[in-house]
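Quick notes on the structure that follows.
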Amino acid sequence: MKIREDMNRDNAAIARTLNEALPYLRRYDDAIVVIKLGGHAMGSDEGMASFARDVVLMRTVGINPVVVHGGGPMINQLLERLGVKSEFVRGKRVTDAETMSVVEMVLAGEVNKRIVQAINSAGGRAVGLTGKDTDMIVCTQTDPELGFVGTPSEIDPRLLESLLRDEMIPVLAPIGTGENDETFNINGDTCAGAIAGALKADRLLLLTDVAGVKDASGEVVTALSAKTVRELTEQGVIAGGMIPKTETALEALEAGVRAVVILDGRVPNAVLLELFTSHGAGSLIRKE
Ligand SMILES: Nc1ncnc2c1ncn2[C@@H]1O[C@H](COP(=O)(O)OP(=O)(O)O)[C@@H](O)[C@H]1O
Ligand SMILES: CC(=O)N[C@@H](CCC(=O)OP(=O)(O)O)C(=O)O
């Protein structure tokens, strides 16, 4: 008897969830959703498998997901093993030629393939890429002080669009090419924002290791305008690694992305909760 009651309760909860999801399934039909998976949100194999299942589910219900990843902590680990010192200026890694080759090895190799494999194991068809493929992302140097750190100046989204038409899931490492064939290290958030802008994505989801953008009292702000983001940054409340994220959010909105969400990628099914429930997850940033 107890088992039947439990089952009935579970079924009722499942039915409620499906009901709640229905309008969102309609709203996002054929939408492009760019998801940035940060290195800190990539933790365990179990978390990665859960992320991969969410992405495959999105694809299955007719959304076009594009994954752009980071991998800062993994780059740090290899640099440390090799005894190469590394420092960050305003959230970006100072990148000399030696560092660049380690960054490319880690991001385009180990990290990219781990995500591709996880998505394919979950039943999707993922394709691993960097911005060098088809010269998709051409960069200019961000600041001579940072070395080979690039700011995307031209994005050619045709390869991504053609993969999406074939229902494949692009997984993109944030590496670009320069006018003179240089290799550039792009901050993962910056890269995801530029890609979302070029694709005129419906949503850019920035997955990180905090619940969202916090205000001065440490509370997560669930909805912010561009103006509030600027104010919190001026007050120094938005700091460190959150700066490239919110800067990216504002640029992506200017480029035509409908909304940007900063959310905790370590929460199981974070992406699904954000897209398919009325309460969403994390901080939603809109232009107004
Ligand atoms: N106002 C803020 N709200 C939330 N996090 C903030 C804020 N200001 C600074 N941070 C920091 O930004 C970090 C997220 O950036 P980062 O570590 O670069 O993430 P990721 O590796 O996922 O890209 C948080 O862990 C937090 O320490
Ligand atoms: C220029 C720059 O800082 N590039 C980043 C690229 C990886 C990244 O952005 O990783 P997360 O998203 O995990 O932080 C780096 O070298 O660490």
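Along the chain as shown, residues are numbered 1 onward.
A Cβ is built for glycine as well, from the same backbone N, Cα and C atoms used for every other residue.
Heads up, TrEMBL stuff is auto-annotated, nobody curated it.
In TrEMBL, the substrate site is described by Gly71, Gly72, Arg93, and among Asn180, Asn185 the residue recorded at this site is Asn185. The C-beta environment of Gly72 (substrate binding site), restricted to residues of the same chain at least 6 apart in sequence and closer than 8 Å, consists of Gly38, Gly39, His40, Arg93, Gly188. Looking only at the domain 'Aspartate/glutamate/uridylate kinase' (32-263), the predicted model's pLDDT averages out at 96. Considering other CB atoms within 10 Å as the measure, the emptiest surroundings among the recorded positions Lys36, Arg93 are those of Arg93.
In this structure the C-alpha atoms belonging to Lys36 (site 'Transition state stabilizer') and Lys245 (site 'Transition state stabilizer') are separated by 10 Å. Lys245 (site 'Transition state stabilizer') is surrounded by 28 other CB atoms, counting those within 10 A of its CB over all protein chains shown.
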